[in-house]
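Pulled from Swiss-Prot, these are the features on record:
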type     : residues : note
TRANSMEM : 6-26     : transmembrane segment
TRANSMEM : 37-57    : transmembrane segment
TRANSMEM : 71-91    : transmembrane segment
TRANSMEM : 101-121  : transmembrane segment
TRANSMEM : 131-151  : transmembrane segment
TRANSMEM : 162-182  : transmembrane segment
Amino acid sequence: MTFEQLIPLIIMAFALGMDAFSVSLGMGMMALKIRQILYIGVTIGIFHIIMPFIGMVLGRFLSEQYGDIAHFAGAILLIGLGFYIVYSSILENEETRTAPIGISLFVFAFGVSIDSFSVGLSLGIYGAQTVITILLFGFISMLLAWTGLFIGRHAKGMLGTYGEIVGGIILVGFGLYLLFPI
């Protein structure tokens with residue numbers, strides 16, 4: 001693979017990773033420990049490897065009609081997660097709130113990586129080099145998720161008790177933006 005072929009993939013990886021960054025800003029406003037932040041970033045990175053890989057494999061066999069469905073599902077997942085965070089911030093006390101672990105972490109990672117599935121479909125149709133592509137997507141998304149989580153964690157300290165509500169609203173807003181781009 002030449003440098004000229006690598007540049008578009010890096011740009012595409014940053015574009016896909018910006019979803020993870022933006023959403024991680026909101027998620028970072030939860031009371032997360034450093035270890036949880038690292039685990040969340042790695043999980044997002046892994047999903048940004050798995051989803052485009054599946055998309056690339058299926059892209060060799062399927063048409064691009066599933067791109068809109070993946071985009072819609074990702075937006076709905078983000079909106080639902082955002083509403084859940086706002087709900088839990090308002091109705092539950094600090095001690096009962098939990099960080100995204102288990103199923104909720106997988107839903108979160110799936111939601112921010114589902115766009116990479118549709119990109120993988122397209123790249124699979126065009127025969128992109130699978131290993132380099134998915135490793136770039138995963139690594140850059142992981143770094144951007146960590147950046148968003150750390151910035152969100154710092155912003156929570158400045159926003160006080162309203163930090164999680166703001167984070168949930170960011171998730172809802174980002175999901176709505178995916179549904180209705182400006």
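Using N, Cα and C of the backbone, Cβ positions are placed for all residues, glycine too.
Here the transmembrane segment (101-121) sits against the transmembrane segment (6-26); at least 3 CB pairs are under 8 Å, leaving out pairs fewer than 6 apart in sequence. Away from its own ends, the transmembrane segment (6-26) comes close to residues 40-41, 44, 48, 52, 74, 78, 82, 85, 108, 111-113, 115-116, 119, 128, 132-133, 136-137, 139-149, 151-152, 155, 166-171, 174 of its chain (Cβ-Cβ under 8 Å, at least six residues beyond either end).
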